[in-house]
Amino acid sequence: MGFYLAQLLTGLANASSLFLIASGLSIIFGVTRIVNFAHGSFYMLGAYLAYTLVTTLQGGIPGYWFSVLAAAVLVGGIGLVVELTILRRIYRAPELFQLVATFGVVLIVQDATLAIWGAEDLLGPRAPGLDRAVRLMGEPIPEYDLALIAIGPAVLAAIWLVFHRTRWGVLVRAATQDREMVGALGVNQAWLFSAAFVLGSALAGLGGALQIPREAVSLQMDLSIIGEAFVVVVIGGMGSVTGAFVAAVLISVLNAFAILIFPQVSIVLPFVVMAAVLIVRPYGLFGRPGSEHGGAEEPEQPLRLLDQRSTMVLLALVAMLAFSPAVVSDFTTILLVDVMVATLFAVSLHFMMGIGGMVSFGHAAYFGVGAYAAAMAVKMLGWGMLPAMALGPVAAALAALFFGWFCVRLSGVYLAMLTMAAAQILWGVTFQWQEVTGGDDGILGVWPAEWAKSDRVYFYLALVLCLGGIWLLRRVAHSPFGYTLRGVRDSRIRAEAIGIDTRFHQWMGFTLAGTLAGLAGVVFVFSKGSVFPDALSIGHSIDGLIMVLLGGIHALAGPVYGAMAMVLIEDWVSRLDYWRFIFGGIILTVVLLAPDGIAGGVRRLIQLVRRDAA
Amino acid sequence: MLEIDGLTARYGRAQILNGVSLTLGDNEVVALLGRNGAGKSTTMKSVMGLVRQTGGSIRHGGQEIRGRASHTICRAGIGYVPEDRRIFGELTVEENLEVGRRPAREGAPQWTTEHLFQLFPNLAERRRNLGKQLSGGEQQMLTIARTLMGNPSLVLLDEPSEGIAPVIVEQMANVISELKREGLSVLISEQNLHFAREVSDRAYIIEKGTMRYEGKFSDLDANPEISTKYLAV
Ligand SMILES: Nc1ncnc2c1ncn2[C@@H]1O[C@H](COP(=O)(O)OP(=O)(O)O)[C@@H](O)[C@H]1O
Ligand SMILES: [Mg+2]
């Protein structure tokens with residue numbers, strides 16, 4: 001009995017930490033509609049700052065709590081800087097751009113933290129006065145856990161009071177429902193957004209600061225928490241603080257007991273719970289559909305078929321690509337294969353987002369399934385390269401068919417979150433199922449068949465497969481199916497009114513995009529000779545998003561530019577120290593200077609040059 | 001008070017307003033008539049800075065306001081009552097009013113919660129209810145009250161009589177007369193000619209984003225072919 005009580009209390013203590021970070025994320029999303037990937041970075045900064053303050057102050061009980069609060073305030077200040085210098089400039093850009101910008105912040109904070117605090121994990125001191133364990137029903141319970149269990153509800157109550165008893169809180173709640181109307185009633189949204197962002201960041205900082213007696217402060221804190229924090233926000237309903245609390249308790253307590261039965265479950269459990277909740281309640285436990293008003297996004301412009309001149313340019317580029325192995329070094333040839341793989345991956349994601357109107361935070365899952373299926377066919381079934389290459393996309397299609405069926409029941413951010421959940425589940429399985437997938441060690445030695453061994457031959461094989469895949473997606477985009485899909489994207493209601501089965505079309509679009517991501521994965525695995533769980537990770541999915549968005553979502557050429565830029569920049573900067581800092585800086589520069597992506601930026605540049613010439 | 005001249009506006013690529021012009025004098029109530037989809041709401045949203053305007057001018061008290069952020073337009077004394085009400089459903093009636101509250105402004109009547117509860121007695125009884133629990137008529141009252149909390153000198157009322165019971169429409173007419181008595185100017189968009197005639201001094205008729213008529217209701221009644229052409233469904 002006592003053992004279960006101890007388990008429950010551990011769960012509740014975890015719930016408090018999770019709630020602190022998730023509540024801030026939820027407030028920020030509710031008011032600004034920004035999916036803030038940098039929230040985990042604020043959490044990490046809170047921990048590092050608290051560590052430094054506690055260890056330098058050495059001030060006993062008051063010193064400890066002062067440090068915790070000061071760290072939260074400082075992180076709130078950092079949040080303010082990020083809001084004022086970056087996000088405020090792009091509130092009118094499509095929502096996903098802000099997401100990419102926050103990811104740029106993640107990269108910059110990573111390297112800034114590394115530069116300031118070093119790569120070593122830091123072990124914080126215990127909380128003075130709360131450094132022992134009390135015995136409850138014979139089980140030792142850390143006093144600090146009990147304190148955390150009290151802090152969570154106390155913070156919830158404080159937020160509730162602010163939201164219901166102050167004018168600012170009332171405005172925040174109103175803006176969560178219909179921010180455009182709040183503006184029309186004379187409220188300067190910019191300041192409301194800043195304040196919400198500061199409060200949210202400070203809560204993340206507080207969550208991180210309170211964590212130092214419980215876990216080592218490390219550079220992995222940011223991305224390790226962000227997935228779970230998103231899950232909590234989504235389960236609770238985006239924008240609902242109470243929902244975040246209930247969801248944090250639900251996840252943490254379930255987890256505390258589930259690991260007793262099945263120890264590996266931790267990685268996937270939150271995502272499974274989220275998928276289950278979203279299917280029953282598409283807006284989370286306490287969430288409501290957001291207002292349709294005040295969306296910043298411009299309606300999509302129609303895609304144009306290429307005119308003759310652009311077709312010539314494109315053909316010339318392909319021809320240059322085709323002849324390149326004759327002129328360039330082997331190293332460049334290999335790099336070009338990377339570019340082609342990334343391009344196909346990005347084009348397939350663009351198809352899903354730009355044409356299908358479904359944003360995915362988990363597209364890498366299908367890339368990874370394709371790669372793993374081919375690798376496993378070679379290694380375990382002893383298949384040849386070509387049959388394995390055929391199996392990859394089929395496996396990816398099946399996975400996309402399965403998860404897509406759930407995802408297309410939702411829309412917007414919730415759909416995106418469910419795609420992320422699906423990817424996380426697949427990643428968890430790959431990571432943990434050591435005997436079959438090799439777990440963390442991946443699958444090695446997956447080389448092309450004898451005839452395709454040379455870099456050049458493989459280059460041509462990759463060229464045929466990737467160009468074929470891109471050509472297929474373009475054909476479909478301009479087929480009746482593609483037009484229907486765009487109709488569904490622009491107005492689901494209108495499409496339904498004329499008798500289109502919108503879900504079915506989206507489901508098929510999802511599956512097609514997944515299949516071609518799988519093809520990209522196949523080309524990838526044989527060019528590298530190995531595959532690791534990274535291929536399915538959130539990080540890789542975000543790479544895809546960055547390529548699509550930086551390239552420009554409105555143009556079919558967008559993902560091509562994006563992928564080229566991404567691979568070349570990564571190849572260049574990843575050899576430097578602090579490459580994340582540089583890469584994050586590049587992302588922010590593009591986002592701030594060309595909110596319509598590289599394709600839009602290039603188009604505007606051409607217009608500018610032409611006007612000057614005329 | 002308000003002068004709109006050659007206003008053009010669009011949603012995405014679709015041009016909706018093709019040069020709308022309209023003037024509204026001090027303490028005047030003017031009706032903007034037109035069929036569904038004619039561009040009445042878009043005109044009002046343009047004044048509030050809620051849609052992208054591409055050309056023309058909007059002057060308020062002599063000042064150009066086109067292209068300004070909507071909160072500054074509100075603070076200049078223009079109140080907006082949207083047609084779909086846009087009540088904050090999760091907020092109580094009192095909290096909805098709080099969102100609209102602005103400091104007193106010179107040259108405009110100042111409203112308090114108590115004063116508004118006298119004008120809208122139904123709301124007083126439901127002050128602690130959530131917005132989403134109100135009936136359609138009550139929500140319509142609440143949006144007007146919420147806008148008045150900003151102490152505007154000009155109110156844009158978008159189809160106030162739409163979708164509410166006849167008794168309440170009558171009450172609405174009284175409220176508009178009360179606003180005029182308080183010295184406010186009101187631009188009211190309507191499809192209901194009868195209601196518009198009861199409350200306003202003059203009328204404009206808009207069709208496909210273009211002004212087709214401007215004048216007195218008496219002239220409109222004398223030339224029934226105009227209303228048949230632009231208003232009848
Ligand atoms: N958000 C929108 N996006 C695209 N078109 C719109 C939007 N709102 C209105 N329209 C179009 O603009 C035109 C004018 O609409 P509106 O100003 O609402 O007319 P009214 O208020 O006179 O009924 C209509 O053809 C309508 O279809
Ligand atoms: Mg209208």
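Quick reminder: no glycine exception, Cβ is built from N, Cα and C everywhere.
Positions annotated as transmembrane segment by TrEMBL: A:12-35 (among others). With a threshold of 8 Å between CB atoms, the same-chain residues lying at least 6 positions outside the transmembrane segment (A:12-35) that come near it are 42-43, 87, 91, 95, 98-99, 102, 142, 144-146, 148-149, 151-153, 155-156, 159, 172, 175-176, 179, 192-193, 196-197, 199-204, 206-208, 210-211, 214, 225, 228-230, 232-233, 236, 238-241, 243-245, 247-249, 251-253, 255-256, 290, 413, 416.
Proximity of distant same-chain residues to the transmembrane segment (A:42-58), defined by a Cβ-Cβ separation under 8 Å and at least 6 residues beyond the stretch ends, is recorded for 21, 24, 64, 66-68, 70-72, 74-75, 78-79, 109, 113, 116-117, 122, 124-125, 201, 204-212, 217, 219, 221-222, 225, 229. According to TrEMBL, the transmembrane segment annotation covers A:42-58 (among others).
Annotation source TrEMBL lists transmembrane segment at A:64-87 (among others).
Long-range neighbours of the transmembrane segment (A:99-119) within the same chain, counting only residues 6 or more positions beyond its ends whose Cβ lies under 8 Å from a Cβ of the stretch, are 34-41, 44-45, 48, 51-52, 82, 86-87, 90, 217, 219, 222-223, 542, 545-546, 549-550, 578-581, 583-585, 587-588, 591-592. Annotation comment: TrEMBL describes A:99-119 (among others) as transmembrane segment.
Among the features that TrEMBL reports, transmembrane segment is placed at A:146-163 (among others).
Positions annotated as transmembrane segment by TrEMBL: A:257-280 (among others).
For A:311-328 (among others), the entry in TrEMBL reads transmembrane segment.
Annotation source TrEMBL lists transmembrane segment at A:413-433 (among others).
Per TrEMBL, the feature transmembrane segment maps to A:457-473 (among others). Proximity of distant same-chain residues to the transmembrane segment (A:457-473), defined by a Cβ-Cβ separation under 8 Å and at least 6 residues beyond the stretch ends, is recorded for 318, 321-322, 325, 333, 336-337, 340-341, 343-344, 347-348, 351, 389, 448, 451, 512-513, 516, 519-520, 522-523, 526-527.
Positions annotated as transmembrane segment by TrEMBL: A:507-526 (among others).
Among the features that TrEMBL reports, transmembrane segment is placed at A:546-569 (among others).
Beyond the ends of the transmembrane segment (A:581-602), by six or more residues, the same chain brings 86, 89-90, 92-94, 97, 100-101, 103-108, 110-112, 546, 549-555, 557-558, 561-562, 565, 569-570, 573 to within a C-beta distance below 8 angstroms of the stretch. Positions annotated as transmembrane segment by TrEMBL: A:581-602 (among others).
Here the transmembrane segment (A:413-433) does not touch the transmembrane segment (A:146-163). Their Cβ atoms form fewer than 3 pairs under 8 Å, with each pair 6 or more residues apart.
Long-range contacts of the transmembrane segment (A:146-163) within the same chain, counting only residues at least 6 positions beyond its ends with a Cβ under 8 Å from a Cβ of the stretch, are 9, 12-13, 15-17, 19-20, 23, 27, 127, 130, 134, 169-170, 172-173, 203, 206, 210, 241-242, 245, 248.
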